Amino acid sequence: GNHTQPEFMLLGITDTPWAQAPLFGLFLLIYVVTLVGNIGLMVLVWVAPRLHTPMYFFLTHLSLADVCYSTIITPKMLTGLLFGNKTISWAGCVTQFYLFALFVTAECHLLAAMAYDRHVAICHPLSYVTVVSPQACWQLVTWSYLVASICALIYTGCTFGGSFCGPRRVDHFFCDASPVLRLACSDTRGSEVAIFALAAANGLGTSVVILLSYGRILHAVLGMHLGPSRARAFHTCASHLASVSVFYGTLFFMYLQPASRHGSWDKVASVFYTVVSPMLNPFIYSLRNKEVKAALGKCRRR
């Protein structure tokens, strides 16, 4: 049962000796850039009054989610690559998966809130102040974390609620649902169906909100008469949609397919939404904006 072997072993990304050092250097660099970019953005929004707007309010919470679930996964992965310490306790594995599920689910809802915010700002500018009020912003963020907490509890219960026997060798670089469920010696079909249904509800529901919002934005942008304004708005929407597509595409690949189809590409897909996406989000969503550049310039002068 669960008390005979209190530890799991994470097999990591690869067991090839010559690849350990280059991968360690690459992921360490990505992790440092992730921390600097996201924490720097949060501090900048906090100290710059001109960035105290709903869009940057949502961005700070997106950066917080990125920092949190990247920190939950990457340091343990780096330790395994550098020192070969791939064991993780039962409690550590459960905690890692719960926090990962919480912040990834919260990010899905935050991305939907951000898309709705941009839709109101561009398509209904006259009512923007009343619709996206500070109270509404806090309600959307609170809803995101509340739903994410409940969903994470269900995901964790379904993943670790069964019995495990034999060697607990998790063929992954963190405790994810599919590789952990493969180690269960009890029937996992009910757990797999529950995880699939909840992931589909969260993923498809929030992605529909995002696609509808950006669809309305693109329709409004194409109706603009000024060429430079239309090009700039279209470019912004395209970059945001590209980031969302990478994030959701890899999530759907991992969690919206039958367990029997999971294979060697799972680790590659997981790297994109656990390591790469948190690094890119600050650059795509904010650091190319004129407001952020102006705030950075003012902070440097001060």
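Cβ atoms here come from the backbone N, Cα and C positions, even for glycine.
Just so you know, TrEMBL annotations never went through curation; they're auto-generated.
TrEMBL lists 23-48 (among others) with the feature transmembrane segment.
The domain 'G-protein coupled receptors family 1 profile' annotation in TrEMBL covers 37-285.
The transmembrane segment annotation in TrEMBL covers 55-77 (among others).
Annotation comment: TrEMBL describes 97-116 (among others) as transmembrane segment.
Residues or ranges marked as transmembrane segment in TrEMBL: 136-155 (among others).
With a cut-off of 8 Å between Cβ atoms, the residues of this chain six or more beyond the transmembrane segment (193-212) that come close are 105, 108-109, 111-112, 115-116, 147, 151, 154-155, 158-159, 177, 244, 248, 251-252, 255-256. Marked as transmembrane segment by TrEMBL: 193-212 (among others).
Positions annotated as transmembrane segment by TrEMBL: 233-256 (among others).
Away from its own ends, the transmembrane segment (268-287) comes close to residues 13, 27, 30-31, 33-34, 37-38, 40-41, 56, 59, 62-63, 66-67, 69-70, 73-74, 100, 104, 114, 172-174, 176, 239-240, 242-243, 246-247, 250-251, 253-254, 293 of its chain (Cβ-Cβ under 8 Å, at least six residues beyond either end). Summarising the annotation, TrEMBL assigns transmembrane segment to 268-287 (among others).
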Is the transmembrane segment (23-48) in contact with the transmembrane segment (233-256), using three or more Cβ pairs under 8 angstroms as the rule and ignoring pairs under 6 apart in sequence?
no
